[in-house]
Amino acid sequence: MAGNCSWEAHSTNQNKMCPGMSEALELYSRGFLTIEQIATLPPPAVTNYIFLLLCLCGLVGNGLVLWFFGFSIKRTPFSIYFLHLASADGIYLFSKAVIALLNMGTFLGSFPDYVRRVSRIVGLCTFFAGVSLLPAISIERCVSVIFPMWYWRRRPKRLSAGVCALLWLLSFLVTSIHNYFCMFLGHEASGTACLNMDISLGILLFFLFCPLMVLPCLALILHVECRARRRQRSAKLNHVVLAIVSVFLVSSIYLGIDWFLFWVFQIPAPFPEYVTDLCICINSSAKPIVYFLAGRDKSQRLWEPLRVVFQRALRDGAEPGDAASSTPNTVTMEMQCPSGNAS
C-alpha cells in the first residue's frame with residue numbers, strides 16, 4: 001500500500017507523504033484513503049468561507065449553551081452531559097475555523113504549519129470526545145426512562161461528571177496514541193502502525209459507539225410509543241436525545257460510507273474530503289438549534305428568554321397538565337434525591 005494520509009497529517013516531509021496534493025486538500029484530508037485513492041482536485045475556494053461562517057455560527061450557539069447550562073440553569077445530570085458536549089463541539093469548531101482561516105491566506109513559515117498541526121490534533125481529540133458522549137447520554141436516558149425508580153435510587157453520586165471525565169481521558173489517550181504512530185515516529189517507521197490505528201478508530205466509532213447510541217434510542221422510542229398509546233405526553237428531553245443522535249448519524253453517513261467502502265471493498269471514496277468535514281461541522285453546530293426547537297413553546301407568540309427555552313428543553317417528564325395521569329416525573333424524583341446526584 002502506498003503512503004497513507006492518516007487522520008492527521010504527518011508532521012514532517014508532507015510532500016513525500018502526499019505528493020501532488022494541494023495544500024487546501026491536504027488540510028481537509030480526513031485520512032482514511034491513500035493518495036492514489038483520493039481526488040487531487042482541491043475544494044472550491046468558497047469552501048473555506050463556508051467553513052469559517054459555519055464554524056463561527058456554531059461557536060456562537062455552543063457559547064450560548066455553555067453560558068446558560070453552566071451558569072444560568074440549575075444543574076441536572078443531563079445538563080452536565082450537554083455542557084461537556086457543547087465544550088467538545090465548540091473546541092472542534094474553533095480548530096476548524098483556524099484551519100479555514102489559515103487556508104484563506106498565504107501564511108508561510110514554521111509557525112502557521114505548527115498551528116495547523118495542533119489544530120488537527122485538537123480537532124481529532126474533541127471530535128472523538130463529542131462522539132463518545134452520545135452513547136453515554138443515550139444509555140443513561142434510556143435507563144432513567146424505562147427504570148426510573150431503580151435509576152434514581154441506585155444512581156451513584158456525580159455519575160455524569162465522572163463519566164464525562166473518563167470519556168475526555170479516553171479521547172486524550174486515543175488521540176495521543178494515534179499521533180504518536182502517525183506523526184512522531186516518522187512516515188517510514190509508522191506506516192503499518194498508522195494504518196492499523198486508522199482502522200481501529202473507524203471500528204471504535206462505527207461498530208462500538210454507533211450501536212451503543214442507537215440501541216438505547218430504539219428502546220426509548222418503543223417506550224415513548226407505548227406511553228403515547230396511553231395518551232401520555234413524552235418528555236422534551238427524550239426529543240432532544242433522539243434528535244442529537246439522529247443529527248450525528250445523518251451527518252456521519254458520508255464518512256461512514258467512505259470508510260466502509262474502502263476498508264471492506266477497497267473502493268475509492270465517492271465523496272470529497274471537504275464534504276465529510278462539512279457534515280461533521282454541521283453536526284457540531286446543530287445541537288444548539290436542537291435545544292432551541294425542543295424547548296420552544298409553540299403556543300407562546302411573544303419572545304421568550306433563551307434561558308427559559310433551554311430550561312424547557314431539559315424538562316424531564318410529562319407536561320403540567322398531564323402530571324396527574326403520568327408516571328413519576330424524574331425531575332420531581334431528582335429534586336427529592338441528594339444534590340450530589342445531579343452532578
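Glycine too: its Cβ is placed from the backbone N, Cα and C atoms.
Relative to the membrane, PRO44 and CYS226 are listed by Swiss-Prot as lying on separate sides.
Per DSSP, the secondary structure of the topological domain 'Cytoplasmic' (67-82) breaks down as 12 helix, 0 strand, 4 coil. Using the rule of three or more Cβ pairs under 8 Å, pairs at least 6 apart in sequence, the transmembrane segment (199-220) is not in contact with the transmembrane segment (45-66).
Shown for the topological domain 'Extracellular' (105-123): DSSP residue counts in helix, strand and coil, namely 14 helix, 0 strand, 5 coil. Secondary structure by DSSP for the topological domain 'Cytoplasmic' (145-160): 11 helix, 0 strand, 5 coil.
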